[in-house]
Amino acid sequence: MLRQDVGLGSRLIPFHEGLQLQRTVHAEVVAGRRPSTLLLMEHEPVYTVGRRTHTWERPDGDVVGPGHVPVVDVDRGGKTTWHGPGQLTVYPILRLTPPLDVIRYVRALEAAVIELCALYGLETIRVEGRSGVWVPADPADPADATVPDRCRRNERKICALGVRVARGATMHGIGLNVDPDLEAFSLERIIPCGIDDAGVTSLSAETGHHLATNAPADALVAALEAYLAPLVADAT
C-alpha cells in the first residue's frame with residue numbers, strides 16, 4: 001500500500017485539485033498500473049454534499065458564510081460535511097478483494113480511527129445508524145444533581161466518513177478533525193452529516209492540546225494499513 005502526502009504540512013489543497021488527483025489515481029489502481037494508495041492532504045475550506053443529502057439539508061447557494069466557502073456536490077455516500085484547515089483528510093484508493101464488502105471496509109476505516117484516537121488517550125466509538133467515529137456523550141450521574149442534563153455534552157463526531165466503490169476500487173474516505181475551527185460546522189451554516197442532535201469535536205478540543213494537522217498522520221496510516229490489509233487485493 002503506497003502512501004502519498006499531497007502538500008501535507010506545506011499547503012492547502014483546493015478540493016477540485018484533490019478530487020482530480022483521486023480520479024487519476026483511481027484509474028491507475030483499477031488498471032493495475034499503480035498499487036493501492038493512501039492520499040493524505042489538508043484542504044482549503046469547502047463544504048461537500050454527498051448523494052444522500054436531502055434538498056432541505058443542502059446549504060443555500062454555491063457559497064456559505066462570511067468566508068464565501070464553496071459548496072461542491074460529490075459522488076460519495078453520506079451527506080454534507082466540511083473539509084478545511086485543521087482537518088486531516090485521507091483518501092484510500094484501494095483495489096478491494098472480491099466479493100466486495102463495503103460495510104466491512106467502512107468498519108475497518110472506523111476501527112483505524114478509533115485506534116488512533118486511543119493513542120491520544122481519547123475514547124471513541126461507533127454510533128448505531130450513524131457513520132464516522134464519535135466521542136461518547138457525557139454520562140449522566142444520578143448522584144450528582146449539581147450538573148443539569150442540559151450541561152452534559154451529547155455525542156460528538158470527531159471523524160467524518162464517506163466512500164464510493166467503483167470498478168472494484170475505493171474513492172473518497174475520512175476527514176479527521178485534528179484542530180479545525182469548529183465554527184465551520186455550525187448549524188447556522190450546515191447540518192453536519194445530516195445530524196442536528198449531536199455535536200462536532202476535534203482531537204485538540206478533546207485533549208486540550210493544539211496539534212498540527214499532520215501530527216497524527218504516521219500513526220493513522222499505520223492503523224489504516226493494519227486494518228485494511230485483509231481487504232486489499234494487492235496489500236502484499
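Note that Cβ sites are derived from N, Cα and C of the backbone, with glycine treated the same way.
What TrEMBL says about this one:
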{"type": "DOMAIN", "residues": "32-232", "note": "domain 'BPL/LPL catalytic'"}
{"type": "BINDING", "residues": "Arg76, Gly77, Gly78, Lys79, Thr80, Thr81, Trp82, His83, Ala160, Leu161, Gly162, Gly173, Ile174, Gly175", "note": "substrate binding site"}
{"type": "SITE", "residues": "Lys157", "note": "site 'Lowers pKa of active site Cys'"}
{"type": "ACT_SITE", "residues": "Cys193", "note": "active site, acyl-thioester intermediate"}
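For the domain 'BPL/LPL catalytic' (32-232), the model's average pLDDT works out to 87.
Rounded to a whole number, the C-alpha distance linking Gly78 (substrate binding site) with Lys157 (site 'Lowers pKa of active site Cys') is 14 angstrom. Gly78 (substrate binding site) carries neither a helix nor a strand DSSP state and counts as coil. Trp82 (substrate binding site) and Lys157 (site 'Lowers pKa of active site Cys') are 12 Å apart (CA-CA, integer value). The most densely surrounded of the binding-site residues Gly78, Gly162 is Gly162 (count of other Cβ atoms within 10 A of its Cβ). Secondary structure at Ile174 (substrate binding site), as computed by DSSP, is strand. For the recorded site, Gly162 (substrate binding site), the DSSP three-state label reads strand. Counted over all residue pairs in Arg76, Gly77, Gly78, Lys79, Thr80, Thr81, Trp82, His83, Ala160, Leu161, Gly162, Gly173, Ile174, Gly175, the record's binders of substrate, the longest Cα to Cα distance measures 15 angstrom.
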